[in-house]
Amino acid sequence: MTSGPSQPFPSASGPDDGPSWPRILGRLTTGQNLPNGHAAWAMDQIMTGAATPAQISGFAVSMKMKRPTASEVRELADIMLTHARRVPTDEIGTDTVDIVGTGGDGANTVNLSTMASIVVAACGVPVVKHGNRAASSLSGGADTLEALGVRIDLGPDDVARSVREVGIGFAFAPQFHPSYKHASIVRREIGVPTVFNLLGPLTNPAGPRAGLIGCAWADLAEVMAGVFAARGSSVLVVHGDDGLDELTTTTTSTIWRVQGGTMERLTFDPAAFGFKRAEISELVGGDASENAAEARAVLGGAKGPVRDAVVLNAAGAMVAHAGLASDAQWLPAWEAGLARAVEAIDSGAAEQLLARWVRFGQQL
């Protein structure tokens, strides 16, 4: 297949070495990394509608099986962002935080990152949550927020205004990545995790510089951390050692701490902070209305394993946000984050913030 006239990635090495689908898929299916620029070329073909569904699915699956490099994934994410609608940051800035995971862990837990986002915002840390409807679980973050009464369909200006006025905004992926529709159809049809699972957390249209980013695959968590390190972000990329794309309370988690362009791998045990071990069954959710009811209960002060996991993940996001300052210290940041998260729930601040967020959407 020839590249279209809009193709902005010509090869400097002549036509024989330039990117093409047979060349790219040939390399990926034999386990070879792509030359610089080839992943970007492929993603541009996908985003402009020039790639066929067969080419998209072949690329998505073979790239995941080959195990993408950080530079390949960064090319994919950067091209996706060039095609995106962006949230204006002239007033809200980029010292914001996102709490989001790749999905694909198969555990169907309650929406921990969604609840944690509300708690973090109630602590005064500005949040821009990037999310979507469920792909493999019963209820994604967008589904649960909608069931809570939050408007999920806001455009760029209103998301920025939501962050400014409420302290949190939700960027619904289909609103901001319309060109991604070609890939999302294929992704739904093939129904297995692909390299595209990594891109959601890497393509927040508000460009937050901090994040608690969950990855369901331990080997790919390190790849994601490499992309964030290249961007100079302050991020904790986390993988529950039980397979969750969250900081888990059932066992330890592996954390890739990204700060100042460097990456450090750590084993994190919540028991060190006094958390009881949970069973995975205690964190399992249901449909959107059931998960919304659970969120209301937790934000209303209900104790138990779900609250523990929400507090832990909210604290992790605040640790990442604290890392934007070069003098941030690991243990004091955790202690402060955990105390702030508990206070935000127990004082009623988190519940009140959700009510303000719902009201904001109703008044638009």
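Keep in mind that glycine also has a Cβ here, set from the backbone N, Cα and C atoms.
Around ASN132 (anthranilate 1 binding site), a 10 Å sphere centred on its CB holds 20 further CB atoms from the protein chains shown. Swiss-Prot lists GLY101, ASN132 with the feature anthranilate 1 binding site.
Marked as 5-phospho-alpha-D-ribose 1-diphosphate binding site by Swiss-Prot on the basis of sequence analysis: GLY101, 104-105, THR109, 111-114, 129-137, GLY141. ARG133 (5-phospho-alpha-D-ribose 1-diphosphate binding site) falls within neither a helix nor a strand when secondary structure is assigned with DSSP, and so counts as coil. Taking Cβ-Cβ distances under 8 Å and a sequence gap of 6 or more within the same chain, the neighbours of ARG133 (5-phospho-alpha-D-ribose 1-diphosphate binding site) are GLY140, ALA142, ASP143.
Sequence-distant neighbours of SER113 (5-phospho-alpha-D-ribose 1-diphosphate binding site) (same chain, 6+ residues apart, CB-CB distance under 8 A): ILE99, VAL100, GLY101, LYS129, GLY141, LEU212, GLY214, GLU246, ASN313. Per Swiss-Prot, the feature Mg(2+) 1 binding site maps to SER113, GLU246.
Annotation comment: Swiss-Prot describes ARG187 as anthranilate 2 binding site. Sequence-distant neighbours of ARG187 (anthranilate 2 binding site): residues of the same chain at least 6 apart with a C-beta under 8 Å from its C-beta are ALA60, ALA135, THR194, PHE196. DSSP assigns ARG187 (anthranilate 2 binding site) to a helix.
The Mg(2+) 2 binding site annotation in Swiss-Prot covers ASP245, GLU246 and rests on sequence analysis. Neighbour density for GLU246 (Mg(2+) 1 binding site): within 10 A of its CB lie 29 other CB atoms from the protein chains shown. Annotation note: GLU246 (Mg(2+) 1 binding site) sits in a coil segment as assigned by DSSP.
Swiss-Prot lists 1-10 with the feature compositional bias 'Polar residues'.
What Swiss-Prot lists as region 'Disordered' is 1-22.
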Drop a 10 Å sphere on every Cβ of the binding-site residues THR109, SER136 and tell me which sphere holds the fewest other Cβ atoms.
SER136
Over all shown protein chains, what is the count of other CB atoms within 10 A of the CB belonging to GLY101 (anthranilate 1 binding site)?
27
If I take the Cα of ASP245 (Mg(2+) 2 binding site) as reference, which of the binding-site residues THR109, HIS130, ASN132, SER136 has the closest Cα?
THR109
